[in-house]
Ligand code: 1GP
């Protein structure tokens, strides 16, 4: 078992909540990377996720190299597709979009990625990725050409998460979508957390400290913050108080 995953398991066992800052390579302000790195260092982040639904720029390698050089946190790829792989990261969330019925995001991209990943030493962490409806259509729903699970159908989310763990996925990720209007309902988080043994990741539309705490209290083991930190690099400053 890889180090990143075994650390996630031991953090879960000790009820130590984890926090990932999601960086989208397309949205990095290259004039101010020193500031970005300083703010990440000052934050409670335990992991860095790198990725996005699109990759319009050619800076993934450069960004991951910078993060590896400057930060002492595990850098995990969170790829929107097979083009978002670099051997410079520490690991990859090997996602299957189980909420959707598009074979390309269930197995197609993974087949294309596997021979590339075999040539790297990236830690590969198989992840049941579950998109939940959250207001207006999200980029991930549009780009993946899949429907999210209706937010008022937690039983479908649960059945999907259970299927994911039975298939053998090592993480479950409940995703509202980046910049979502509505985050994942804490009751849905609670239901899933109480029925699975693997670590539970929750992200999408979490824009406040209280929303983070709510997700943790409901049973999220790791919360992902993307847009809120991207829009305001001081988002985590409460930690200094
Ligand atoms: C998206 O879960 C992540 O994949 C983070 O979402 O950008 O809304 O924080 P936000």
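The backbone N, Cα and C atoms fix where each Cβ goes, and this holds for glycine too.
As written in TrEMBL, here are the features:
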{"type": "BINDING", "residues": "24, 53", "note": "Mg(2+) binding site"}
{"type": "BINDING", "residues": "173, 174, 175, 176, 177, 178, 179, 204, 205, 226, 227", "note": "sn-glycerol 1-phosphate binding site"}
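Projection of TrEMBL feature records onto the structure.
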{"residue": "24", "record": "Mg(2+) binding site", "Cβ neighbours (10 Å)": "22"}
{"residue": "53", "record": "Mg(2+) binding site", "Cβ neighbours (10 Å)": "19"}
{"residue": "173", "record": "sn-glycerol 1-phosphate binding site", "Cβ neighbours (10 Å)": "25"}
{"residue": "175", "record": "sn-glycerol 1-phosphate binding site", "Cβ neighbours (10 Å)": "25"}
{"residue": "177", "record": "sn-glycerol 1-phosphate binding site", "Cβ neighbours (10 Å)": "26"}
{"residue": "179", "record": "sn-glycerol 1-phosphate binding site", "Cβ neighbours (10 Å)": "18"}
{"residue": "205", "record": "sn-glycerol 1-phosphate binding site", "Cβ neighbours (10 Å)": "21"}
{"residue": "227", "record": "sn-glycerol 1-phosphate binding site", "Cβ neighbours (10 Å)": "19"}
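Candidate binding-site residues: 53, 173, 179. Those with a Cβ under 6 Å from ligand 1, in sequence order, are 179.
Distance from the CA of residue 173 (sn-glycerol 1-phosphate binding site) to the CA of residue 24 (Mg(2+) binding site) is 18 Å. Residue 227 (sn-glycerol 1-phosphate binding site) sits 13 Å from residue 53 (Mg(2+) binding site), taking the Cα positions as reference. Separation of the C-alpha atoms of residue 179 (sn-glycerol 1-phosphate binding site) and residue 53 (Mg(2+) binding site): 12 Å, rounded to the nearest whole number. Per Cα geometry, 177 is the residue among the binding-site residues 173, 177, 205 nearest to residue 53 (Mg(2+) binding site). Annotation note: residue 173 (sn-glycerol 1-phosphate binding site) sits in a strand segment as assigned by DSSP.
The full span of the recorded sn-glycerol 1-phosphate binding residues, 173, 174, 175, 176, 177, 178, 179, 204, 205, 226, 227, taken as their largest Cα to Cα distance, is 17 Å.
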